[in-house]
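In what follows, a structure is listed as structure tokens, so that the remarks can point back to it.
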Number of protein chains: 2
Amino acid sequence: MTPAGAGGGDRGPTLAVVGATGAVGTVLLSILSERKDIWGEIRLIASPRSAGRKLTVRGEEVEVVALGEAAFDGVDVALFDVPDEVSAQWAPVAAARGAVVVDNSGAFRMDPDVPLVVPEVNPHAVRNRPRSIIANPNCTTLSMIVAMGALHAEFGLGELIVSSYQAVSGSGKEGVDTLREQLGKLAGTELGTQPGDIRRAVGDLGPYPAPIALNVVPFAGSLKEDGWTSEELKVRDESRKILGLPELRVTATCVRVPVVTTHSLTVHARFENEVTVAQAHEILRAAPGVVLCDDPAAGDFPTPADVVGTDPTWVGRVRRSMDDPCALELFVCGDNLRKGAALNTAQIAELVAAESAA
Amino acid sequence: MTPAGAGGGDRGPTLAVVGATGAVGTVLLSILSERKDIWGEIRLIASPRSAGRKLTVRGEEVEVVALGEAAFDGVDVALFDVPDEVSAQWAPVAAARGAVVVDNSGAFRMDPDVPLVVPEVNPHAVRNRPRSIIANPNCTTLSMIVAMGALHAEFGLGELIVSSYQAVSGSGKEGVDTLREQLGKLAGTELGTQPGDIRRAVGDLGPYPAPIALNVVPFAGSLKEDGWTSEELKVRDESRKILGLPELRVTATCVRVPVVTTHSLTVHARFENEVTVAQAHEILRAAPGVVLCDDPAAGDFPTPADVVGTDPTWVGRVRRSMDDPCALELFVCGDNLRKGAALNTAQIAELVAAESAA
Ligand SMILES: NC(=O)c1ccc[n+]([C@@H]2O[C@H](COP(=O)([O-])OP(=O)(O)OC[C@H]3O[C@@H](n4cnc5c(N)ncnc54)[C@H](OP(=O)(O)O)[C@@H]3O)[C@@H](O)[C@H]2O)c1
Ligand SMILES: NC(=O)c1ccc[n+]([C@@H]2O[C@H](COP(=O)([O-])OP(=O)(O)OC[C@H]3O[C@@H](n4cnc5c(N)ncnc54)[C@H](OP(=O)(O)O)[C@@H]3O)[C@@H](O)[C@H]2O)c1
């Protein structure tokens, strides 16, 4: 890794944030401001539309520069938080100019030459990166995989059947704006009792195929083979790759709900060995990056409203299946913009920086 | 069955609606106004608080009378839509005075001498009612069981793993009022990004253990053994009883969502035999009380906002498990106040009336 670039002196490696103005980019800047400051220059990059805008990171104003080859001069690690097609085109450019790329889009996740990394689960995978690109999992998988990785290490995972309750910020700023606009139109009305009354009142559906206010929408991403959505297949493929279990049985049904930020999932997890709730509690309590919140008699279980803005994966409602001593039911919440996106990329970048510092 | 009571002349049997002023009772009155009019008098009963109020049914104003022994004089069929403890006390009184009771509470559902009936699934069970009481299933089970009964008849059901997305009207009028009040407080704010910000803003939680606006709550009903909720155990016990499969494997995780009316469920259903999506489509298309809505390429899948106010069980997102040729994934919606409560009781009452007319 080269010494830090222009603005960094000898303080540390140069970090670029590509997509600094987006939903994930915004959260990333606040995470970079909170975490141990190991970086020299932090360069902010977005589309030409945003060039010249000033954003705050580590308490300093930094001017956004337009994406282009020169933007990567002297960059050691580049975090990409941009649409798939922008990553597909520009991540190899950044890598060719000497940066290690951590990409948060879907463009490289299933590339066999690109590791898919969750620092609590498979940190060593970062070292094997022939393309100088490391991929960050999608937010739905990330919202449960730290907890499932910890349980897998102990009991051996055989099957996951999950249903998601996905927040609108998973669709970027457009999703949040759409929910807030629709709620504004529905507040104070008596709608939600006649077929189609909500659909007529909200008008614009934004990025969703149905109203999202006062509704749930069983469709996220795009349609793929045999009726599965891209989001459902990502949960399957990415869980297998992260856990290193290419034959793992994984079934997901992904549903969007009117929550701003924090994805939730119900998980039916079948293990190779018998499990008890007490054992699962012990493992989850000790697992880095996991908070066990499971005392329903005292009202303790995670909900998005309580979890949003926090870093860990929260786990509650742990029960052993009444039909199968090898299976657990769980309810899991994780902030899709933090651990589900920005935080995990920051953690990967820190792993890369530590590796070259060592 | 005796001839109709006071107000009915010889038009037909006398029906009593106990709990006519409640969330379910209100929907029941509109359903009775829409369906074939087979009843003589329809008598409306509620607590003494409501006595003297006038409600409209079949286009006529009817005065509400207070619950008491005399209220059941001459009643042939009594529909109970009141809290558990009121049913537990008063259903036997109505039965002793000669009425056939159709009870919508949880008081009698698992009583071996009380049939638990869904007319599309087990209509013949109505005849075996030693206590003159017939129970109506809970709304979460009812929102999926018509579809699952049809698939079971063809493929033989072995296991159900379900996650619910339950509407607030499942908690009665108090649930709806709470959601609307909380949404009023959150509309126009930027809340939902910091831990606890929604909890602080909404204040009163109403019947829920956490905010329900801009949130999902993985807890419905009361806490029972081993971390399961009453709602989750009902789905298990009632599905087994209705389908006549006392050994059926059933696992549920019940989650409340900010939807006014219509429960949704994701269902993982394992059958004894191999299934294909095409076969499942054919069966669901032909099943009475079911609407297949499954063409995601054209944007066709059910959502609560589109299903609310309708009678059938809507089924979409049918996929065959990639790991198990005997398993299907489905997304199911049903109006919890109509088929989930009032409609099913009206259908049972019609079965009882038809039986004595025959
Ligand atoms: N939201 C989540 O929960 C989540 C979770 C995991 C992964 N992701 C992934 O992270 C990426 C960003 O998502 P987001 O939700 O933050 O999206 P977003 O809010 O729409 O932001 C998109 C960002 O990309 C930039 N951009 C767009 N087109 C560009 C171009 N041609 N050249 C340079 N920059 C361009 C935008 O800059 P301008 O402001 O200048 O247009 C903006 O900074 C996506 O791949 C998404 O799938 C999102
Ligand atoms: N909501 C659903 O989706 C749903 C679905 C399936 C089953 N259920 C069950 O159906 C029943 C009614 O639910 P709901 O949601 O309609 O409740 P609700 O809106 O609270 O209505 C309760 C009804 O019961 C009456 N009532 C209460 N205490 C009484 C008493 N001591 N004597 C006589 N009447 C009394 C009330 O009369 P006043 O107005 O005079 O107080 C009102 O008509 C419950 O057992 C519930 O579990 C509900």
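Cβ coordinates are placed from backbone N, Cα and C, and glycine is handled just like the others.
Those TrEMBL annotations? Automatic predictions, nothing curated.
Summary of the site annotation: TrEMBL records NADP(+) binding at B:Thr21, B:Gly22, B:Ala23, B:Val24, B:Arg49, B:Ser50, B:Ser169, B:Gly170. Screening the candidates B:Asn273, B:Asn336 against this entry identifies B:Asn336 as the one listed for that site. Between the C-alpha atoms of B:His263 (active site, proton acceptor) and B:Ala23 (NADP(+) binding site), the distance comes to 15 Å.
Under DSSP, B:Arg109 (phosphate binding site) is assigned to coil, being neither helix nor strand in the three-state scheme.
Its Cβ taken as reference, B:Arg256 (substrate binding site) is surrounded by 29 other Cβ atoms within 10 Å in the chains shown. The Cβ of B:Gln166 (substrate binding site) has B:Thr140, B:Ala220, B:Glu231, B:Cys254, B:Val255, B:Arg256, B:Val257, B:Val259, B:His263, B:Ser264, B:Asn336 as same-chain neighbours under 8 Å, each 6 or more residues away in sequence.
B:Thr21 (NADP(+) binding site) falls within neither a helix nor a strand when secondary structure is assigned with DSSP, and so counts as coil.
Here the CA atom of B:Arg49 (NADP(+) binding site) lies 28 Å from the CA atom of B:Arg109 (phosphate binding site). Among the recorded positions B:Arg109, B:Gln166, B:Arg256, B:His263, no residue has its Cβ under 6 Å from any atom of ligand 2. Each of the recorded positions B:Ala23, B:Cys139 was scored by the number of other CB atoms within 10 A of its CB, and the lowest score belongs to B:Ala23. Counted over all residue pairs in B:Thr21, B:Gly22, B:Ala23, B:Val24, B:Arg49, B:Ser50, B:Ser169, B:Gly170, B:Asn336, the record's binders of NADP(+), the longest Cα to Cα distance measures 26 angstrom.
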